[in-house]
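Residues or ranges marked as [4Fe-4S] cluster binding site by TrEMBL: C151, C155, C158. The feature domain 'MTTase N-terminal' is assigned by TrEMBL to 1-110. The feature domain 'Radical SAM core' is assigned by TrEMBL to 137-369. According to TrEMBL, the domain 'TRAM' annotation covers 372-434.
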Amino acid sequence: MNVYDSARMSDVLRPLGYQPVDLPDAADMIILNTCHIRDKAAEKVFSELGRLRLIKEARKAEGQQTIIAVAGCVAQAEGQEILTRAPYVDIVLGPQTYHRLPEMVARAARAGGAVIDTDFPAEQKFDFLPEAAAPQTKGNYTSFLTIQEGCDKFCSFCVVPYTRGAESSRPVTSVLAEARRMAESGVQDITLLGQNVNAYHGEGPDGTVWGLAQLAYELAKIPGLSRIRYSTSHPRDMDDALINAHRDLPELMPFLHLPVQSGSDRILAAMNRGHTADQYRDIVLKLRAVRPDLALSSDFIVGHPGETDEDFEATMQLVRDVKFALAYSFKYSQRPGTPAAGAPLQVPEDVKDARLQALQALLRQQQDEFNATLVGKTIPVLFTGEGRKPGQIVGRSPWLQPIHVQGPHSLIGQTFSVKVTERLTNSLSGELVEETEYA
Ligand code: 5AD
Ligand code: SF4
């Protein structure tokens, strides 16, 4: 979502005369868009700021001003601390106030002091942002589109409800208009974004509340949008309407990121996830019944407070049962202000390390097995650009793997049938079956 947010910040600043540059040394303003989800991500901000300070000083010596802004969730959570630790920062803004950037820039330039805006304003930023700019360069065939933000679920370990704020959905008309503009500019593969995207409940044009399933049926009607994805979903919001949309809509890609975090019911309860491991297994069965080629990806946390060897084994068992095509796994990180941070029975670091290694080995093996099932198959590939080697083009499979093929540039921006010939660690290679467009 930070990628999407950064693009929208550029949209807001363009009317002021700002445009993107390649290197920070050439920038009149540098915005660091930050993530607070784990300690490591948050700490990175301060080391990065140290580098930016040097750039600011070097430019100052040449008589040039540089505005440094810190945006995103670290700004939201640690606004004051940022100004204390990095007094050369000019602007601190949270994820819900970036529509006010022009005003903040003017204030920073005028007053010369730091400007801080980490409100959760009553107004929705989307009502105040300019239209998302059409992709500036030809070749944006894939795009993100935020439809929902924030979270009311309060998992024990997670900062999101505090940094992104309460759960809220954009109105249907505004989402459809943005999707249509994207499609008109050439986007074919769209990923709907939200911290709890399947909790989407936007106001419909008819005044009723629409869920994600209803929205997906409408998006699928937009000419040119041939691939629809959404991320990240919560198992509790995976309702029958959405499962059936996977049955009905070929545009809904057969790849779903559905984090489970743990396979132990005890830990799932401690995490306040609101479902059991078997309920997760059932959702997966239902999804695969309507869409047999559906592949799953997930997030896992090892070493949540109270996690025993037996709990961890339950996670390993769930992984063996479900079989994931892709997964992200993390050691539990204590986040200030979250309920789990102060919980007794914190798991020692070396135990977390060992569990993470075991889990990641299993997940890597499953990713490799999934990729192996595609070798020899013919799949539709949307070509998005040039490959690294001469004569090569690269595209995206329905399951998000990059796939390299020998082929002419003229195919970029179109979908063709490709026979997968080889699996590499994080990508595939293949051969064009025939130079006719995939129907
Ligand atoms: N420690 C480790 N991982 C976390 N995540 C969220 N909060 C924490 C934390 N405190 C992980 C979850 C979530 C993903 C985005 O980040 O797995 O799904
Ligand atoms: Fe965080 Fe997701 Fe839980 Fe919300 S549902 S608190 S975003 S992990």
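Residue 1 is the first one shown; counting continues down the chain.
Including glycine, each Cβ sits where the backbone N, Cα and C put it.
Whatever TrEMBL says is automated annotation, not expert-curated.
Checking the binding-site residues C151, C155, C158 against ligand 1, the ones whose Cβ sits under 6 Å from it are C158.
The Cβ of C155 ([4Fe-4S] cluster binding site) has Q261, M271, N272, R273 as same-chain neighbours under 8 Å, each 6 or more residues away in sequence. DSSP assigns C155 ([4Fe-4S] cluster binding site) to coil, not to a helix or a strand.
In sequence order, K153, F154, F157, V159, V160, P161, Q195 are the same-chain residues whose CB sits within 8 A of the CB centroid of C151, C155, C158, the residues recorded for [4Fe-4S] cluster being left out.
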